[in-house]
Structures are given as C-alpha cells and as structure tokens.
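Student: Below is one structure. I have some questions about it.
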Amino acid sequence: MVIERTLSIIKPDAVAKNIIGEIYTRFENAGLRIVAARMLHLSKEQAQEFYTVHKDRPFYNDLVGFMTSGPVMVQVLEGENAIARNREIMGATNPKEAVPGTIRADFAENIDANAVHGSDGSGTAEQEINFFFKSEDICPRIG
C-alpha cells in the first residue's frame, strides 16, 4: 500500500458553478482524504509561476488568464495511490474524451475550462504542494 499526496485545484469555472462540494464528494468516495485546503484568487504572477512548465506552449497566456479569472479551491489529497486515483476520477484533459462519470465529463465545459487540475507525478505533486502549502498547513488523516 503506497500512501501518496497530490495537489488538486478546482478551477474558476467549477468554483463559479458552486460544485466544490460535489467534487469533494468524488474525492472522498474514491478513498482520498483532504489534508489541506484553501480558496484563493491567483495573481497573474502566481499563475505564471505555477504554470511555467507551459510558458512556451501556445495556450499559456489563455491558461494564465483563465486561472486568474476567479477564485480557485486548492487542496492536498492523501490516500493509496492518490496521484493515479485523482487523475482517474478527473478524467481526460479534454472533457469530450473523458469517460462518463469522471469530473471533467460531468462538469467541464471544454478543454480550456476543464474544471480541475491534478499533479501528474510524484515529483510534480511535491513541487505543486509546496507551491501552495507549508508543511505545517497539512493535517495528515491516515487511519
């Protein structure tokens, strides 16, 4: 049993639809525990830094603009194989390709406003968690 942590962001489109609770229910029903959470409105600088890996991609400026268009809910999820499990319940990046019953298939509008972000690997998860949270902000709930 591998207990992992991963970063999840509920994006501005999903926050605006008032479906945070529905998404949290999906995390919990999948065996993931929320061990840290906060709502914030990303500044342009924060969004640029967080998504710097995409800075040379054609969608970068639109992504930064979207992520700063309204508040986001940022959380750390913990559980067995949390990274893969979260990515599975999120669904494909493009909601048109997402399996029915996944967060993106059920709630996302399009590939740009796709409801959620999740870390794609253990190194990325650690880096992304540290971007938003200090270690003392995380409350382990193993048990």
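Using N, Cα and C of the backbone, Cβ positions are placed for all residues, glycine too.
Pulled the feature table from Swiss-Prot, pasting it below:
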- K11, F59, R87, T93, R104, N114: ATP binding site (BINDING)
- H117: active site, pros-phosphohistidine intermediate (ACT_SITE)
Student: Do me a favour and check the Cα-Cα span between T93 (ATP binding site) and H117 (active site, pros-phosphohistidine intermediate); whole Å is fine.
Tutor: 9
Student: Please find, for K11, F59, R87, T93, R104, N114 as listed binding ATP, the greatest distance between any two Cα atoms, in Å.
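Tutor: Roughly 21 Å, rounded to the nearest whole number.
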Student: What three-state secondary structure does DSSP assign to K11 (ATP binding site)?
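Tutor: For K11 (ATP binding site) - judged by DSSP and reduced to three states - the answer is coil.
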Student: Rounded to a whole angstrom, what is the C-alpha distance between the residue listed as 'active site, pros-phosphohistidine intermediate' and K11 (ATP binding site)?
Tutor: 7
Student: Through the lens of DSSP with three states only, how would you label H117 (active site, pros-phosphohistidine intermediate)?
Tutor: strand
